[in-house]
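TrEMBL annotations:
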type	residues	note
BINDING	A:14-27, A:Gly108, A:Asn158, A:Arg183	ATP binding site
Number of protein chains: 2
Amino acid sequence: MSKVGDEMQAVGMVVEFNPFHNGHAYYVQQAKKQTGADVAVAVMSGNFTQRGEPTIVDKWERTRAALANGVDLVVELPLYFACQPAHRFAAGALALLDQLQVPTVAFGAEHPQWDFKKFVRLAADFDQAALKQYNATYATQFNDQLAQQTGVSLKAPNDILAFAYNKAVLDHHYQMQLVPIQRVGSNYHDQVITGRIASASAIREAVDQHASFAEAVPGEMGAALRQLVSVPAWDDLYPLLRNQLIQAPLESLRQTYQMAEGLEFRLKAAAQQALGFDQFIHAIKTKRYTYAHLIRLCLYTTLQLTEEELAWHAAHPYIHILGFNRRGQEYLHQVKKQVNIPLFTKVSQQMRDHLYNVDYRAGKLYQTFTPVEQDLKHAPVIWQ
Amino acid sequence: MSKVGDEMQAVGMVVEFNPFHNGHAYYVQQAKKQTGADVAVAVMSGNFTQRGEPTIVDKWERTRAALANGVDLVVELPLYFACQPAHRFAAGALALLDQLQVPTVAFGAEHPQWDFKKFVRLAADFDQAALKQYNATYATQFNDQLAQQTGVSLKAPNDILAFAYNKAVLDHHYQMQLVPIQRVGSNYHDQVITGRIASASAIREAVDQHASFAEAVPGEMGAALRQLVSVPAWDDLYPLLRNQLIQAPLESLRQTYQMAEGLEFRLKAAAQQALGFDQFIHAIKTKRYTYAHLIRLCLYTTLQLTEEELAWHAAHPYIHILGFNRRGQEYLHQVKKQVNIPLFTKVSQQMRDHLYNVDYRAGKLYQTFTPVEQDLKHAPVIWQ
């Protein structure tokens, strides 16, 4: 990679770091090495994951661990991009990296050798009406068609994201280069820790079971995880969701983002009976929707997030800086004049009530699990 | 009291029984004795008190204790009458007793000798615009004017209700006779149990402190109170209220019943900060509103009860039978043809979704404290 004068070159990453583990540290190192970048910029989900689950520790702890392990700048992926199917998640994240003038984005993939660009071009000819539904039925149809034409099965979560990044770049004509990195050491769905490299879900499970996890995470993250009394989970948010489903009239529930095709009846009915979240989510599951889709819908409902509100926010993106080290700060200084959306390090009362309102509300919801004020006037993490 | 043929004569009572105690048993006995009635009909608050607080045990346990101690028929005072200032509470309850053809209503009063009818006539000349606000400022003005003209201070809670019963009878031209009974043994606000007759609040305090309360309550109520792990309180409902105040937009909160004059801003702002209910309620308190008014507003907000919805329900009253003994059942049989509002013993799915919806939702909220389904298909208590 060539450098223009004294300008630093950045590599971008789209991450959840839930929690930050040794595999992530390796990925950050590889991203910098393979691209020759001076600075690593991570766009990270806030306090809720793509699946709509509360993160194991808050965004500030995850930012700290990332900065301690090779990331130079962490910005928040707003909830209305973060808690979305892969294509929206990817498009939202790349829009922010594009604003931050990042020329290269590195990402883990189960099959980095695949020609994702070609898949995207092929998919353009698939049934576009079905695609708009983004549901489980569509995903199956899409995969069947792709398998027929290419012989590959696009089912591993990071491969699906790789496809989505490529699609976002083509759709929006971004200039950025995409660099897939082979995932190592463990599968996403592995449920036990077998060495220094373990999956995030195996680590979460170990924390939940009070089993050993120290070898799989850097010290900074280990310290934060050891503070946990219990792993944040939907069970503790369910009373809030349930009350909303019971008290709100159907015509309000119907306004909820992604509350399609009479789902409000199904959710309201299930809430009357189900005393716990597991029972509830099983009661509402159908073949048509994935669990991830339904858990996100639970989050939107608890946040009273409407279709209209989400559309407004998606059209008014911003860059909320969660933390940086000296290099990250210099990079920010280098690019900030070219950023033409709001960029800020502290959430003011005015932002809380307007631009940042959805993430603020999500932060308050997350405070079910922590006494730490998540946003209002929270200073960014400054790593020495 | 004369009897017409074989017809039973009833005495009505308006009660909370929170919990049912020996003073209530005495009052039931006196009501029957002083009126010569064959049957005692109690209109009882459901799972929330007039102040908007969850009751110490549910309406079914309180019905059981009442039937075991001289009451023959218990009907539920719907929430939109029960959780209201005295004049609405009283008017709603008397409307049901009027439907049930009750010719006499007995009630405890701190000053049964007062001429409450005269007070009502005098009050008709007080400032009616101020009266419509039903707030703390009005109550003070009202009392000042009444004290000036009569020399009495209408401040004891049962005297205030006595006034309200008299006003309801005059306003609606009910034929019923009102019989005040001297309250005995303890003051409403007494905080310790000093004998067989104790105040309900002293008993709740004793239960909360795991102190002895057995001598002050009949056996049936004692058994229910001993089952309690903790006393139901707003602290446990506050997370639901708080989430509603944080997530709902101001324009929704503004629709809440009694959310007057910008209170929605005040409540939303307080919810951002206050981690517990005590802190919250102190933060929103002003001279203008009593604590009772504000706690009721918290309940309406948590139930998402709108002005419009309340008006509809207040115009569509019903009689939900909570329990009866043989005499109560015979009395029901005697009067039911003259009842011209819906009368039912079991809440059907259809009622849950329409006529009974507000009380159903309040029941689900109350289930924060108990696993017992409060309403749907719940059979009435039948006392042998």
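Residue 1 is the first one shown; counting continues down the chain.
Note that Cβ sites are derived from N, Cα and C of the backbone, with glycine treated the same way.
Quantities reported herein were computed from a predicted structural model and do not represent experimental measurements.
On the structure: features taken from TrEMBL.
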residue: A:Val14; record: ATP binding site; Cβ within 10 Å: 24
residue: A:Phe17; record: ATP binding site; Cβ within 10 Å: 26
residue: A:Phe20; record: ATP binding site; Cβ within 10 Å: 34
residue: A:Gly23; record: ATP binding site; Cβ within 10 Å: 21
residue: A:Tyr26; record: ATP binding site; Cβ within 10 Å: 19
residue: A:Asn158; record: ATP binding site; Cβ within 10 Å: 18
Conformational class of A:Val14 (ATP binding site) under the three-state DSSP mapping: strand
